[in-house]
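Copied over from Swiss-Prot, here are the features:
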| type | residues | note |
| --- | --- | --- |
| BINDING | 27, 28, 29, 30, 31, 46, 76, 152, 207, 321 | substrate binding site |
| SITE | 76 | site 'Transition state stabilizer' |
């Protein structure tokens, strides 16, 4: 395995002292990069993610181009679902479309056992290739969290209100629990397999869970998240686990009492406020990605965020959501350099090391 010479991200995830703030970006690989767009002229998303050499190249591009302190595996949260019998298609301009949506207990019962080594060997081969030969920064693996996956599976695709998902959850609580159990087991096995293959950390993306109240989260979702984290930690107790959601600040107190290591927040929550709600966790975030299209505002906001981030150990600079396709790659490089240089000055000034 290639030696990790830049471990700033891992130190921050463990709330250790650093000399500068680590930075990486959700969706840093892919859509905004001309090299990726050129690949997409020849290959589909399916073809890219199923060819380890190409997928590893795409994953590594931001490390080489922007100088970020971590790589995140290039793939989709839908990747494992076909291994459970879900007929999913990624449609351009729409997103994931499920051709056999969940409507009943019988549909949930049909979901099959997921074995990563059998169903997604190309994912594990990509990780091994990156970890063994290509990266000197940590590699982050990830999975979609059960609520977000279930919302696609029940709605049949993207949704603005998740009415079908929530009504199914309320109307069929026992069937919902079975669905969560199946998705939870799949997610735990998937994350464990990624760590076994060489990832240094893993992130749970629960993109749409902010649609739930805290009470509903505690009743319908928390048990499965606890199970996932518990099972991963039982095998890999020192591997950082990140929880990332959007519009979910009201759930921070739930995550504080779980054995998570890092909590991602978006621009609706300040770093200072988040720290008060999750004092034992490292914080990741929280620049609004829209500012990347307004350079002056972007750097101003980045400085404001850093002023809060450097006050305590355990901070990782990121966005509150993913990079837009319209973002110029040079802006991400400029921002990365700014974060590194500015945070080093601030840390020396405040003598926080």
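Heads up, the Cβ atoms here are built off N, Cα and C, so glycines get one too.
Sequence-distant neighbours of residue 29 (substrate binding site) (same chain, 6+ apart, CB under 8 A from its CB) are 36, 58, 59, 61, 62, 71, 72, 74. Cβ-based crowding with a 10 Å cutoff singles out 27 as the top-ranked of the binding-site residues 27, 31. Each of the binding-site residues 76, 207 was scored by the number of other CB atoms within 10 A of its CB, and the lowest score belongs to 76.
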